[in-house]
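Below is one structure, written out as C-alpha cells; the observations come after it.
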Protein chains: 2
Amino acid sequence: MEQLRKKIKTDGSVLSSSILKVDAFLNHQIDPQLMNNIGLEFAKKFSESGVTKIVTIESSGIAPAVMAGLHLHVPVVFARKQKSLTLVNDLITASVYSFTKKESNEISVSRKFLNDNDTVLIIDDFLANGQAALGLEEIVSKTKASIAGFGIVIEKGFQDGGRLLREKGYRVESLAVIHSLENGSVEFENAAERKAERIR
Amino acid sequence: MEQLRKKIKTDGSVLSSSILKVDAFLNHQIDPQLMNNIGLEFAKKFSESGVTKIVTIESSGIAPAVMAGLHLHVPVVFARKQKSLTLVNDLITASVYSFTKKESNEISVSRKFLNDNDTVLIIDDFLANGQAALGLEEIVSKTKASIAGFGIVIEKGFQDGGRLLREKGYRVESLAVIHSLENGSVEFENAAERKAERIR
C-alpha cells in the first residue's frame with residue numbers, strides 16, 4: 001500500500017536493525033485518515049472471504065481493525081491483555097510470549113463473541129515474531145470458527161512471523177513488508193519479487 | 001444520541017446498581033457502524049471548537065476517538081497505561097486511581113505529540129468517577145495546549161465525574177447519560193431536564 005509505505009518513510013524512525021518506531025501514526029498517535037484507507041484496503045482484499053468477524057488485540061490493533069470492520073460491515077472483538085473486572089466469565093485464553101519484553105502474557109476473548117459459524121479475519125498492527133498473531137489464532141482455533149486470514153499493517157519480513165503463519169497454510173495480507181532496517185533505513189520487500197518466489 | 005441509548009437498552013446488561021456492561025458493542029466487541037456514528041456526533045458537537053487533536057486512553061477510548069478524528073480531520077493520541085519499550089523519552093504522566101481495581105496507575109503521553117498551540121478534545125468511552133478524564137486533563141494541562149472539552153460515550157450521571165469536570169468549567173458532551181441502574185434497569189437522564197437545571 002503506497003500511502004502506508006510513504007508514511008513509514010517520512011514519519012517512521014528506525015531505532016535499531018530490528019525496531020521501527022511508528023508511534024507518530026499507528027501505535028501512539030494515530031492518523032485516522034490513514035487508518036480508514038488501511039481498513040478499506042483490508043476490506044478489499046478480504047471482500048470475497050465471507051468474513052463475519054474481525055479479531056484483534058489491544059491496543060494498537062484496534063484502530064485498523066475497527067476501520068476494516070466499518071468497511072466489511074462486521075463486528076470487531078479485541079483480545080485483552082489484562083483481565084477486566086466485568087469480563088470474567090467463560091474466557092478463551094492463550095499465552096503470548098513477547099520477545100521485546102521477555103515475558104509471557106495471557107490474552108483472552110470472551111467466548112460469547114466467537115460463534116462456531118464465524119469466519120474470522122485476524123488483524124494486527126505489526127507482524128514480527130508472530131507471537132501475538134499465533135495467540136489470536138490459538139484463541140479462534142479453540143472454537144469451531146474458521147480463519148479467513150491475517151491482515152497485517154506492517155510485517156517485518158526479516159522476522160519469522162509471516163513464514164510461520166504462511167507455513168500453517170494461512171493467507172497473510174501485509175500492507176507493507178519490511179525487508180530490512182539495516183543502516184538506519186527502511187527497505188521494503190518488493191511485492192512482485194515475493195510473488196515470483198512463491199510461484200517458483 | 002438515540003441510536004446509542006437504544007443499543008445500551010438492547011445489548012447492555014446491568015451487573016449491579018453501579019456497573020453497566022457494554023462489552024457487546026463498546027469495550028470488548030466493538031460495533032464499527034455505531035462507533036462511526038458516535039464519531040460523527042462528537043465531530044458535530046465540537047465542529048466550531050477549533051479542535052486540532054484528540055486525546056484518549058487505551059483501550060476502549062480508541063475506537064470512538066479514531067472515528068471522531070476521522071470526521072474532525074485531526075490526529076488522535078492515546079495515553080498508555082503501561083510504558084512501551086520503544087516509547088521512553090520525554091513522557092508526560094499522570095496518576096489515575098481506579099475505584100474498581102482499587103489501585104493507582106500511571107498513564108502517559110509522549111510530549112512530542114502535544115503541541116503548545118493544540119486545542120485538544122478529550123474522548124473516553126465512560127465517565128464515572130472521572131479519574132481517567134482528570135488524568136488526561138492533567139496531562140494536557142502540563143503543556144500549553146488548551147482543552148476544547150470532553151466527549152464521553154456513556155456518562156454515569158449518578159457518579160461524580162461529570163460534576164467534577166463541569167465545576168472546573170469544562171464543556172462535557174456525553175452521548176448517553178445514565179441516571180440510574182437501580183433494579184437491574186437502565187434509566188437515562190432527561191437531557192431537557194438537565195439543561196433546565198443548568199439554566200436555573
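Cβ coordinates come from backbone N, Cα and C, glycine included.
Taken verbatim from TrEMBL:
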BINDING   A:LEU20, A:ASN27, A:LYS156  xanthine binding site
BINDING   A:ALA128, A:ASN129, A:GLY130, A:GLN131, A:ALA132  5-phospho-alpha-D-ribose 1-diphosphate binding site
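Geometry remark: A:LEU20 (xanthine binding site) versus A:ALA132 (5-phospho-alpha-D-ribose 1-diphosphate binding site), CA distance 17 Å. Of the listed binding-site residues, namely A:LEU20, A:ALA128, A:ALA132, the sparsest Cβ surroundings within 10 Å are found at A:LEU20.
Proximity note: of the listed binding-site residues (A:ALA128, A:ASN129, A:GLN131, A:ALA132), A:ALA128, A:ASN129 have a CA within 10 Å of the CA of A:LYS156 (xanthine binding site), given in sequence order. Other than the site residues A:LEU20, A:ASN27, A:LYS156, same-chain residues with C-beta atoms no more than 8 angstroms from the centre of those residues' C-beta atoms, the xanthine site, are A:GLY12, A:ILE19, A:LYS21, A:VAL22, A:LEU26, A:ASP125, A:PHE126, A:ALA128, A:ILE154, A:ILE178. Those residues of the chain, other than A:ALA128, A:ASN129, A:GLY130, A:GLN131, A:ALA132, with a C-beta within 8 angstroms of the mean position of the 5-phospho-alpha-D-ribose 1-diphosphate site C-beta atoms are A:VAL96, A:PHE99, A:PHE126, A:LEU127, A:ALA133, A:LEU134, A:GLN159, A:ASP160, A:GLY161. When Cβ atoms from all protein chains are considered, those within 10 Å of A:ASN27 (xanthine binding site) total 23, not counting its own. Sorted by the number of other CB atoms within 10 A, the binding-site residues A:ASN129, A:GLN131 start with A:ASN129, the lowest. DSSP classifies A:LEU20 (xanthine binding site) as strand under the three-state reduction. There are 24 other CB atoms within 10 A of the CB of A:LYS156 (xanthine binding site), with all protein chains counted.
The xanthine-binding residues named in the record, A:LEU20, A:ASN27, A:LYS156, extend over a maximum Cα to Cα distance of 16 Å. A:ASN129 (5-phospho-alpha-D-ribose 1-diphosphate binding site) sits 18 Å from A:ASN27 (xanthine binding site), taking the CA atoms of both as reference points. Annotation for A:GLY130 (5-phospho-alpha-D-ribose 1-diphosphate binding site): spatial neighbours A:GLN159, A:ASP160, A:GLY161, A:GLY162, A:LEU164, A:LEU165, criterion Cβ-Cβ under 8 Å with sequence separation of six or more. The two recorded residues, A:GLN131 (5-phospho-alpha-D-ribose 1-diphosphate binding site) and A:ASN27 (xanthine binding site), show a Cα separation of 18 Å.
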